[in-house]
């Protein structure tokens, strides 16, 4: 098990030789790495040359599927520190006292581009953070914009396809992009589109942009009181953006510009930080809104629901190995802790499944055993979740493969409230399309944003 995130960021794999003697993958020392076994000096190679076969076979398999979307990204380690008491809103242990620090990993990314694409292009940016808390890992899988293009989860694969390549030409296709967005039933995207095509669509770097939950979440305190919550992560470096000319020029000269900026800033001791705020809303307030509290295309008016400071995120450690600690990092909204729950936001509900399932495909069903994803602060125990490809943690030894109350297991009875004491849903199962039409409430906030741009 890696000691990742305890005293310092170090890779500590038990199968790596400390004496640095080079071997093949089975541990057999290699005399000369560039020698091949063959018949005579110029004869054919021999299949018995395992060192060569081992090297070539591993080379053929060293790439894993890229994320779809958010393929091109950068990451760094740091910590979250509580600066203000919000225990009246949330009972999670990470917020239990002022000054408390929790180790974290943040990954920034573009959305539509391939893994090798430029990171200065006009695109929303992913802003995902994994907190290693004593109650388990917590993932905040956010973006740098407070809204999104859709609010119907069934449209997500279709929308992402329009951000990718034309199936015939294999080129980016502006017709695909605009065809989807200008279809009348998809014009609810106008709010996000206006943000995207403002200067904030081309951030100057990852350090100089905000992060937003976008989705509505449900947080509760230890008394059973609960609120709807949205999270804002505001950069302490100030917002900085590129012009389209600057972004285009940099994309051609240094497609990893934002990644380089983040790495070098931390390397030089210029640690970026963000201040975390929340907006809160009661169920009664939510019912008075002119729009649904579960609508991902809307923001909550700050005059009505003011920001409340929570703490700071500081990134102060670069990864030692990008593949091991950033490319293999798995973020999913379903990775949560007591007192922080998903709301009925339909896009969020769909993401609860799709993100973790994407990691099962990309990294394997035991992705939580990869050191960067391990809940090292709380540990993991569930002998019913076992076997599968790349199970490397001992597979719970001789523990039974099922859970039963008569076994010597401990079940913690959480004092947090449960759903039956919160929202009540009642109705038939129906097919529902959350459509939009010009002139309704879906265009009010976009109109107001246009006036701000003024």
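Including glycine, each Cβ sits where the backbone N, Cα and C put it.
Not measured: the values here are computed from a predicted model.
If you look up TrEMBL, you'll see 70 (among others) marked as active site. The Cβ of residue 70 (active site) has 109, 110, 111, 126, 128 as same-chain neighbours under 8 Å, each 6 or more residues away in sequence.
What TrEMBL lists as active site is 143 (among others). Look at residue 143 (active site): DSSP puts it in a strand.
Around the Cβ of residue 355 (heme binding site), the number of neighbouring Cβ atoms within 10 Å comes to 20. Under the DSSP three-state reduction, residue 355 (heme binding site) is assigned to helix. What TrEMBL lists as heme binding site is 355.
Residues annotated as domain 'Catalase core' in TrEMBL: 23-411.
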Alpha-carbon spacing, residue 355 (heme binding site) to residue 143 (active site), which is rounded to whole Å: 14
